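Structure record follows, encoded as C-alpha cells.
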Amino acid sequence: MKIKTRFAPSPTGYLHVGGARTALYSWLFTRHFGGEFVLRIEDTDLERSTQEAIDAIMDGMNWLNLDWDEGPYFQTKRFDRYNAVIDQMLENGTAYRCYCSKERLDELREAQMTNGEKPRYDGRCRDSQCTHGADEPSVVRFRNPQAGSVIFNDKIRGPIEFSNQELDDLIIRRTDGSPTYNFCVVVDDWDMEITHVIRGEDHINNTPRQINILKALGAPVPEYAHVSMILGDDGKKLSKRHGAVGVMQYRDDGYLPEALLNYLVRLGWSHGDQEIFSVAEMTELFTLDAVSKSASAFNTEKLQWLNHHYINSLPPEQVAVHLSWQVEQLGIDTRNGPELVEIVKLLGERCKTLKEMAESCRYFYEEFDEFDADAAKKHLRPVARQPLEAVKAKLAAITEWTTENVHNAIQGTADELGVGMGKVGMPLRVAVTGAGQSPGMDVTVHAIGQARSLSRIDKALAFISEREAQQ
C-alpha cells in the first residue's frame, strides 16, 4: 500500500507551531515510507479565510522545507464535487433535508441543556413524510447510524470508541447551498486517497462522524493519529499570551529552520535520549508509536539552545544565507566589509539567534556615532593613549593584511611596552568596535579592515584628548 498523508490547515491565521508540528509529523511519516504528501487548504470558512493567511502558510512550509507532492488543493474550488456527492446521498437516502428553523433548534438546545442532556438534533425531519415548498429554506443532514458504535485504532492513542447514540445527524450542506467542513474533509480524503490522517487531538470528536460518512459512501477509511496539544510553560494551552506566534515570526526572530524542525520533532516524539536530529535522521527514525499521548510544554530556552547549536554546526555558508536576510531587515549595507560567512565564524559562539548576530555585526560595516559609555569610561582613559598610538603605528605598517600579522602587531605592542595583552587589547577593542565585547582582537581588527581600524583608533585618541581637556 502506498502511504499518502495530508496537511490541511484552515487559512484563518498564520501557520502556528502546533500546525507546523502536525505538518512535520505527517511529512516525516510519509517520507519514512516513501509515500506522498498532500497540501490542502481548507478554506470553507469564507468569512475568516484570507489570502494573507494562505500566503503565510505557504511561506512557513517553504521556509521549513516541508515540500509537498500534490497541491495545494483549495476546498472552495471543489464545491461542485461536494454538492454532487450530497445530491447522490439524498437520492440513496443516506442524507435528508431538514427544514427546522433556527428558532426551533435554539429552543431544542436550550431545553436539552436545562434537562442536563447533551445538545443534539432530535431527528424530527429524519423520517418525516411532510411536504415543504420548493423555496422553503433547508439544510441537508447526514443520516447517522442510530445503533452500534464507531471504533477506530488511533495510531498514537490506541482504540477509541464512540456510541452512535452520542452522534447527531450532522449538517453537511447549509441553507445557502455551501457544504460544511466535516463533509468536505471526508470527500477530500476519499478523492485524494489519503491513507493516514495525522492531526491535532482537537479533531478526535470529528473522527467518528467522518468515519460514518465514509462508510455510507462506500469509501475506504484511513488510519487516524491524533497529536496532543502544546502547552505553555504555565501548563495551559499555548496561545498568543505565551508569545505563541506564526512560524515566520521565528524566522524574523533569528531562528534557523533546522533548529525549529529539530525542536518541534522532539516536542512529543523521542528516540532514546538523543536531542539533535538532522532531517535525514528524523526521516529515518520517525514512527507514530513513539509519539507521546501526553501534552508537551514549549520551552523557548531549549529552542535557543538548539538554535545556537545549529548556528555553529551547519556549514557557515548555509547559515550566512539566512543571516543575509536579517542584515537586510536592519538596513545594513554589507558591500564594504567582510563576507557574511566570516561573520558567522566570528560571532557564532556568542549568539543564540541570527537576529542577535545581525545586530552585533554592525561595527564591521558601519561607523558608530559614539562609544559605549561604560566601556569608554573604563578603557579609553589617558593611560590608554600610549598603547593605542603604538598599536596604530604597527597596524599601519602592515603590508600584508592577515590575521597573523594583526596578531603579531598587537602582541608586539604589548611586549614592547612591557604590559599584558589586556592593556593593549581592551582599549583597542573599544576603539574599533565601540563596545567592550567582541571576538578576539586579531580576527576582529582583521575583519574590520586596515583603513577603517586606523580611522577608528584616531577617533578614540580624539575622544581621550577631549576627556583630558574636560578634567
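Any Cβ shown, glycine's included, is placed from N, Cα and C.
What you see is a predicted model, and the numbers here were worked out from it, not measured in a lab.
Here the Cβ of C98 (Zn(2+) binding site) has 20 other Cβ atoms within 10 Å, regardless of which shown protein chain they belong to. Summarising the annotation, Swiss-Prot assigns Zn(2+) binding site to C98, C100, C125, D127.
Annotated ATP binding site per Swiss-Prot: K240, in sequence order.
Per Swiss-Prot, the feature motif ''HIGH' region' maps to 9-19; the stated evidence is sequence analysis. Helix, strand and coil content of the motif ''HIGH' region' (9-19), in residues and according to DSSP, is 3 helix, 1 strand, 7 coil.
Among the features that Swiss-Prot reports, motif ''KMSKS' region' is placed at 237-241, with the record citing sequence analysis.
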*asked:* Taking only same-chain residues 6+ apart in sequence, whose CB is under 8 Å from that of C125 (Zn(2+) binding site), what do you get?
replied: Y96, R97, C98, Y99, C100, R141
*Give the helix, strand or coil assignment DSSP yields for C125 (Zn(2+) binding site).*
coil
*the motif ''HIGH' region' (9-19): mean pLDDT?*
90
*Which of the three DSSP states, helix, strand or coil, fits C100 (Zn(2+) binding site)?*
coil
_Of C100, D127 (the binding-site residues), the residue whose Cβ has the fewest other Cβ atoms within 10 Å_ = D127
*Listed in sequence order, residues not in C98, C100, C125, D127 with Cβ within 8 Å of the centre of the Zn(2+) site Cβ atoms*: Y96, R97, Y99, Y121, G123, R124, R126, S128, R141, D169
